Amino acid sequence: MIDLQEILANMNPNQKINYDRVMQQMAKVWEKESVRPSILMHVCCAPCSTYTLEYLTQFADITVYFANSNIHPKDEYHRRAYVTQQFVSEFNAKTGNTVQFLEADYVPNEYVRQVRGLEEEPEGGDRCRVCFDYRLDKTAQKAVELGFDYFASALTISPHKNSQTINDVGIDVQKVYTTKYLPSDFKKNNGYRRSVEMCEEYDIYRQCYCGCVYAAKMQGIDLVQVKKDAKAFMADKDLDNDFTHIRFSYRGDEM
């Protein structure tokens, strides 16, 4: 499988990298070699899963990895996890794809320890970089454990997230593990606009903050109301059993 470093090695080191173009070049190599790689793609919510799945399922087998201990409160975390699974299930039914869903443990105290001392950082600052690293590291670890060809992140679809930073982090994480990072800039080529269209098509809940308690407070988000709304949404839902048909299975065992 092609490594992004093979492409970067042929570029001018002073040239700004267009990660969307790099991803397209990698996809062309897969097609030329008649391979369909397996990708463990970190997603933070259903909206960021939309166009990313529509695009990548043309070339690869995707498992979405919901690793988001940064999301607060817990009820909101459960809501986003549920809506993501609901979208994946409906996307598969509509398109004939077989995208799978895998969820990491929810350990918010671990996230809080990671960003200690960065609580007052502005959105897009050092706290965000640490958060990207924390979640991409978990994704890479799981990709190695389960034998995926690549790990990736759907975060680059957001116009509020710095794709350069996310890709820099992904490249650094790749150096630590025996797996490959798939770079991206999913917002390019009208990717973000398409994600908004798909949210309307699938009637997807679009949250008003990234999930981080610190960013939410800076934005003036009413977390009490968020918790109340999430609780009401989940009241008649069965998070454990409603979407077992899309859960990732490894050697025949559901994870």
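Cβ coordinates come from backbone N, Cα and C, glycine included.
Between Cys210 and the candidates Cys208, Cys212, Swiss-Prot records the disulphide bond with Cys212. In this view, Cys131 ([4Fe-4S] cluster binding site) is surrounded by 25 other Cβ atoms within 10 Å of its Cβ, with every protein chain counted. Annotated pair Cys45 ([4Fe-4S] cluster binding site) and Cys210 (disulfide bond), C-alpha to C-alpha distance, rounded: 9 Å. Non-local neighbourhood of Cys128 ([4Fe-4S] cluster binding site): Glu121, Lys161, Asn162, Thr165, each in the same chain, at least six residues away, with C-beta under 8 Å from its C-beta.
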